[in-house]
């Protein structure tokens, strides 16, 4: 019997949350893959990242490996209800292993968000978001110009602004009244957070869908502290000069799953459920 070379093996990382059910599943999966000659368990530069928990766990794993997006693929196991990023439930480990054994490198890829914040002192901070990025002002009302492709669109007054990806459209964006976009649509969505609209101040008041090649700029008009959120991370900065949002050249890729639950089925399951008409 010929032993597989290390370089021939599929490098797999397992990332899980701290819940009891997730820990049990991690131990089971780790034991199986450790004794399988086709796989090599490592968290360093993996080919496949398996997340165990929920969509929040996959968000964390995305940020852990966002510098490896050119070659890494993700696959999620949900230990609760089926999520938007997780294809397997906790009782479907055998199905996952079967699919990994027959895997030929096929993937499903979706756009992500590139965010560049320029501070008043000239420093630039660049991040990537899988779901959304928001900006809020800590003190008083946020006043900011919204610029799309170098064209001044509106002066916003309110609590803040959210820019989401298609996959993130079902998250915070939806709770703000934004539209749900299919993840294969390469576009960004700008949604206002509690905008002021009266006889004096006016904004569009509805979400804006921006195509792939367009860039959104938010230019704050007041000095002070701002809270910037990138998915499940938050940062506080003073005197933000502008923030630019655009679709990143890289994408997130998932292991192609034969029994993949369709996006619209997930939307129905998450927000509508089954009912008798």
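Using the three backbone atoms N, Cα and C, a Cβ is placed for every residue, glycine included.
Annotated features, as they stand in Swiss-Prot:
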type	residues	note
ACT_SITE	55	active site, proton acceptor
BINDING	55, 56, 131, 132, 157, 159, 170, 171, 172, 173, 174, 175	NAD(+) binding site
Inquiry  = For the C-alpha pair, I'd like the distance in angstrom between residue 157 (NAD(+) binding site) and the residue listed as 'active site, proton acceptor', rounded off.
reply    = 32
Ask   = About how far apart, in whole Å, are the alpha carbons (Cα) of residue 131 (NAD(+) binding site) and residue 55 (active site, proton acceptor)?
value = 10
Remark   = All chains considered, the count of other Cβ atoms within 10 Å of the Cβ of residue 170 (NAD(+) binding site) is 23
Ask   = Among the binding-site residues 131, 157, 172, which residue has the largest number of other Cβ atoms within 10 Å of its own Cβ?
value = 131
Ask   = What count of other C-beta atoms do you get within 10 angstroms of the C-beta of the residue listed as 'active site, proton acceptor', across all chains shown?
value = 22
Query = Across all chains shown, how many C-beta atoms besides its own are within 10 angstroms of the C-beta of residue 174 (NAD(+) binding site)?
reply = 17
